[in-house]
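The structure under discussion appears below in the form of structure tokens.
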Amino acid sequence: MSSSPGAGAGGYFSMIDFFVLSAAGGFAMYWFFFRNKKQDQPTFKKLTVTPVVERGSSSGFINKMKNTNRNVVVFYGSQTGTAEEFATRLAKDATRYGMKGMVADPEECDMEDLSQLTEIENSLVIFCLATYGEGDPTDNAQEFYDYLQGGGTDLDGIKYAVFALGNKTYEHFNAMGKYVDSRLEELGATRLIEVGLGDDDSNIEEDFVSWREKFWPIVCEHFGVQATGDDSSIRQYSLQVNEDLPKEKIYHGEISRLGSFNVQKPPYDAKNPFLAPIIANRELHKGGDRSCMHIELDITGSKIRYESGDHVAVYPMNDPDIVERIGKRLETDLDTVITLTNVDEEASKKHPFPNPTSYRTALTHYLDIQSPPRTHILRELAEYAEDPKEKEFLMSMTSSDGKDKYNDWIVKDHRNILAILDDLKSLKPPMDHICEMLPRLQARYYSISSSPKIHPTSIHITAVLISYTTRTGRSVKGVATKWLADKPVTDGKTYTVPIFVRKSQFRLPFKPSTPVIMIGPGTGLAPFRGFLQERDYLKKEGKPVGETILYFGCRYKAQDFIYEEEINQYLKNGSLTKLHIAFSRDQKEKVYVQHLLNKNKEEIWRLLENGGHIYVCGDARNMAREVHDMLERSVIEQGNLDATKAAEYIKKLQSKGRYSCDVWS
């Protein structure tokens, strides 16, 4: 039975009137009788939350030092783990000199408390600080850097030392360590020793050992302490073997959160990587004995965002054959589930890696078993040598006098832990101590070779497979590149890779009409492939795109001219204005991109004077340095400037973000 529209509407509005009148009456009663009455406060159930770190509170590093009778604190600024490792070694050293040390992450401490260190007798602060990017602090030291820049506090009476970690092929060599060293002195602190300058381009282990051997005698003299004479290894972690633990309680390669590889939850970062499926893995070289891979990673549904010029970090796995051989050599059941717990209950780092886990998982996912071990590991290994000659041999490489022997036997022959165990038969270290000694396996970073404008749901990697044979006949392959090379895209199986994106300052100009010069030989082409995709996209969208010039170099046109078809297509449609290529070995005399730049000084100067941007990507040791020199020469000749003025001109380009480098050594 239907109702007429008019009747239904009339009933509806009368009901509204009723509710409005009722509400008005209720409000009037409240206004007259209760508006001045004090409101009862609602009662909520009290939640108790235990903070992980209370910065500046009673749990600060000063109080922790007082409560545990420590007088040495070693802060680290680390991006790859080396500075943290050096800090740990220095804290251990303190025990050998009658002092007691602790390692601390500045990001987890209120660094304003540093001035209170004078309240602790014979106190000392040490900084192990790496420089990252273009002279920047590492992520975990950024707040400390900002604090010092913002003014800091009076540090009169504070005794300090700084060991800096860097790479001399970069322009801002050890900038962070040098800055902190000078800034602490400005704030009134007393420097005990000149800042140590570690150079990763040469032998940073040698630099550290040499500095450390000078440092501790100065400490002894200043504080009136002396070496205890106990050079034996000090175990940092205790072993617990776990039996019958359920699978879901055991780590299987997760970086931080247990089970995060089974149940993925954004946001994704260094501690919570995304398992990206590999959707393409193809060879880019057309011949020769070298390999260059093009890999595409699917990020659909991950909410990961990236820009052209960013880096993608990949967490690799070690070669399972090396893992098996270590287990066999040390006669260990690799599937034994263990927990390693710091014997120092006050230490911020409770475990060396995610625990509980199996020896197999630790050696596969968490430990760097393929790099040459540093001298402190050799010293600890020596205690397990049953042959006195082998013990003496290992110990001989651990002092400054043994630098040459260490470089020759360990570094040049790239002897990893397995090679050392194979060559020194009497060595029988327990597997849990091996797990304690070895550093963490670090993520590998690659310049992203795609643009989100074209590929919003995938990230592309361009990587050369590292592979060579040492003097001993051992085959050495890159940890990450071999692992990636072994993951073909087939119908039967989908491989995933743990990744996260690291933002970069290596960016195209905000205005597409700005001219750009890109210089990237070999895989240095990677970010420029993304840049070209972006400029091509904008051009097709009708945006005005400025001159786009690419300098590329490789050995042979017929073998390793990567992405040749793509580049020629961009050249054909005008997205790439000019292409300068150096095929270094296609003629009698070698030709590199530096030589081509020398021929085009006038063009470079014209673009710079028109507001152009210059980008360099690739080898820092030779190419980037020579390109820099060539740019200065262009400015001198074309701009009629002397060397000083030309250097200032280049500096100004850098400070304005018009001259950017993404380089490695």
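Every residue gets a Cβ built from N, Cα and C, even glycine.
Over in TrEMBL, the protein carries these features:
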TRANSMEM  12-33  transmembrane segment
DOMAIN    72-216  domain 'Flavodoxin-like'
BINDING   78-83, 130-133, 165-174, ASP200  FMN binding site
DOMAIN    271-509  domain 'FAD-binding FR-type'
BINDING   ARG290, THR523, SER584, ARG585, LYS590, VAL591, TYR592, VAL593, GLN594, GLU626  NADP(+) binding site
BINDING   ARG444, TYR445, TYR446, SER447, THR462, ALA463, VAL464, TYR468, GLY478, VAL479, ALA480, THR481, TRP664  FAD binding site
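The distance from the Cα of TRP664 (FAD binding site) to the Cα of GLY81 (FMN binding site) comes to 17 Å. Around ALA130 (FMN binding site), the same-chain residues six or more apart in sequence whose CB sits under 8 Å from its CB are GLY77, SER78, GLN79, THR80, THR82, ALA83, THR138, ALA164, LEU165, GLY166, MET176, GLY177, listed in sequence order. Largest Cα to Cα distance within the recorded NADP(+) binders ARG290, THR523, SER584, ARG585, LYS590, VAL591, TYR592, VAL593, GLN594, GLU626: about 25 Å as a whole number.
Residues listed for FAD, ARG444, TYR445, TYR446, SER447, THR462, ALA463, VAL464, TYR468, GLY478, VAL479, ALA480, THR481, TRP664, cover a largest CA to CA span of 23 Å. In this structure, the CA atom of ARG444 (FAD binding site) is 17 Å away from the CA atom of ASN167 (FMN binding site). TYR446 (FAD binding site) has GLY133 as its nearest neighbour among the binding-site residues GLY133, ASN167, ARG290, going by CA to CA distance. Across the fold, the C-alpha of PHE173 (FMN binding site) and the C-alpha of THR462 (FAD binding site) stand 27 Å from each other.
Comparing C-alpha positions, GLY81 (FMN binding site) sits nearest to ARG290 among the binding-site residues ARG290, LYS590, TYR592, GLN594.
Long-range Cβ proximity for TYR592 (NADP(+) binding site), meaning a same-chain Cβ under 8 A and a gap of 6 or more residues, is found for PRO521, GLY553, ALA582, SER584, MET623, GLU626. Its Cβ placed at the centre, ARG290 (NADP(+) binding site) has 13 other Cβ atoms within 10 Å. Long-range Cβ contacts of THR462 (FAD binding site) within its own chain (separation 6+, distance under 8 Å): LEU284, CYS292, MET293, HIS294, ILE295, TYR446, SER447, SER449, THR523, LEU525, ALA526, ARG529, ILE562. Here ARG290 (NADP(+) binding site) is compared against the binding-site residues GLY133, VAL464, GLY478, and the shortest C-alpha distance is to VAL464.
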